[in-house]
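Peer 1: Residues or ranges marked as region 'Disordered' in TrEMBL: 1-40, 81-115, 576-609. Among the features that TrEMBL reports, compositional bias 'Low complexity' is placed at 8-20. Taken from TrEMBL, the feature compositional bias 'Acidic residues' covers 102-114. Summarising the annotation, TrEMBL assigns domain 'DEAD-box RNA helicase Q' to 178-206. Under the heading domain 'Helicase ATP-binding', TrEMBL lists 209-392. Residues annotated as domain 'Helicase C-terminal' in TrEMBL: 420-565.
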Amino acid sequence: MDKWNEGTTSNTTTVTSQSSEGGNMEGVVEAEEDSKAHSQRLGMVVEIQKTGVDLEVEEAEEVEEGLTGRFAVNQMERKVEGSKAEAEEEAAEEVSDKVETMDPEEEAQEEATEGEMRIPLLEKDGGEEERPRITYVPEALPEDEASIFSHYEKGINFAKYDDITVDVSGSNPPPAIMTFEEAALCESLRKNVSKTGYVKPTPVQKYGIPIISAGRDLMACAQTGSGKTAAFLLPILQQLMADGVAASSFSELQEPEVIIVAPTRELINQIYLEARKFAFGTCVRPVVVYGGVATGHQIRDVLKGCNVLCGTPGRLLDVIGRGKIGCSKLRYLVMDEADRMLDMGFEPDMRRLVASPGMPTKENRQTLMFSATFPEDIQRLAADFLKTDYLFLAVGVVGGACSDVEQKLVQVTKFSKREKLLDVLKTTGTERTMVFVATKRQADFIATYLCQENILTTSIHGDREQREREQALADFRSGRRPVLVATSVAARGLDIPDVQHVVNFDLPDNIDEYVHRIGRTGRCGNTGRALSFYDPEADSQLARFLVTILSKAQQEVPSWLEQSVFSGSGSEGFKGFNSTDSRKGGSFADSGARSQAAAAPAAEDEEWE
């Protein structure tokens, strides 16, 4: 039985595994000094598993119950203590910077707002404690051209995009472009497109760029990894440059021309990096705001000048509410992963955003929505934000999976999944692999288990602090830890180069999430593989939809899966995958899936803003 040892550095604790031969192996869970108790908990669960007692997540929670209360209290005490120096340093830095940007009344108002936003964490000794003020500030991004323009190599199947079916519905759509030259981009944008390595536009870009350039509202549904971000950034930046828009740091109220909204921190940061890349060498300045980072730091960045504001809904509403962002000059409102922005609890935030003081009405702004899935019910909600003559763009099979992803399903009972996963990862070697699980606790448990088996692994989920999430993604991107265990929310929009393999350790509750998960591989014309563990007792409601997904992507359908559908154990009510605008009266990809598994908040109600 492996034993767990702990080695500490200046501010972090690294869990290590001591093998029977005496070798040490670096583990996965890197956190603040308080992670010692957390690591011991995970180690306890692993040891119980090793002795042959197979516990599900719920049973593991019972094992942890005795430690949870004490761990939370210890965590709070240590975190408050450890954050004092950081808080003092942050406060001193803010005072210095605000001499030029904020008067004393504004600073007092900001502090009051900070206090109002704090929420109770736990009760201790009969009193209520608050979460410590967030002081985390990410490292400054490199400004050199080579770092900004790091990009994919062209995938060997990139030319296959020319054969993808495209449907545009609505009145008088503009003609598509075939090359970037036809997009009439200014010289700076043309150079940046060339530096990015783009050779020719993908289908969503061929049709999306001229639609946006023509000033039309757009609802675009395209396969995951098809270049949606560039499809809206390029025409928007081109119009801003043509109009002579430039960032200015001389205003106490920044009024961006563009607001881009996405549901998760990781996704909005990716969009910001793309905007930063295409705006390189121009007078247009993009800025990003999201939770988990010191608000004062982000506001100072905004006040340096902001034309394109990228953000998660909660933090956007926060900075607008503080009076640092005005909406009166807004020209473009973009929602990425729009199906989730209008579902799973985000719809009220989006309605508050469009009702912000000074926000132009939908008739006086251009609204753009992008996603890989657009169910009919979400289309109806989206119509509240769009002009009545919006265009609908469907690229490929709406709600379908990319044919560049080789999909495979294997029957695995819940008690055999860990051993099966271990066998799979030992055969794939150092391939970059994403493993999706159902819950946050399970993500850490599986990551720790794999580390003990000498597979370098990290994890990402909504309970990890922002710096931990960024470190996990950095370790995965760099290949230092080639396996990333994640919950479903991480499936949305993450664009990580060279992910060769996706494993659905737990299948999701609905077919939308399946499409988003496997879309982490096979991006931009590159090929990939997706393996899913199918538990007949837990996943039968997805059987019919999986058969359709596999068939539409020209993948092999296992005979046992077809038999499950025909025997009646699979879900009923499937209506087919149609690339159809709901205004035509057609049905949409997962209209049947949602009747079986209606859209619900992410697992364990994760907070990802």
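Every residue, even glycine, has its Cβ placed from backbone N, Cα and C.
For the listed features, I'd like the structural context: burial, neighbours, distances.
Peer 2: Mean pLDDT for the domain 'DEAD-box RNA helicase Q' (178-206) in this predicted model: 93.
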Peer 1: Counting by DSSP, what is the helix, strand and coil composition of the domain 'DEAD-box RNA helicase Q' (178-206)?
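Peer 2: So the counts come to 18 helix, 0 strand, 11 coil.
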Peer 1: Tally the residues of the domain 'Helicase C-terminal' (420-565) by DSSP class, grouping H, G and I as helix, E and B as strand, and everything else as coil.
Peer 2: 74 helix, 23 strand, 49 coil
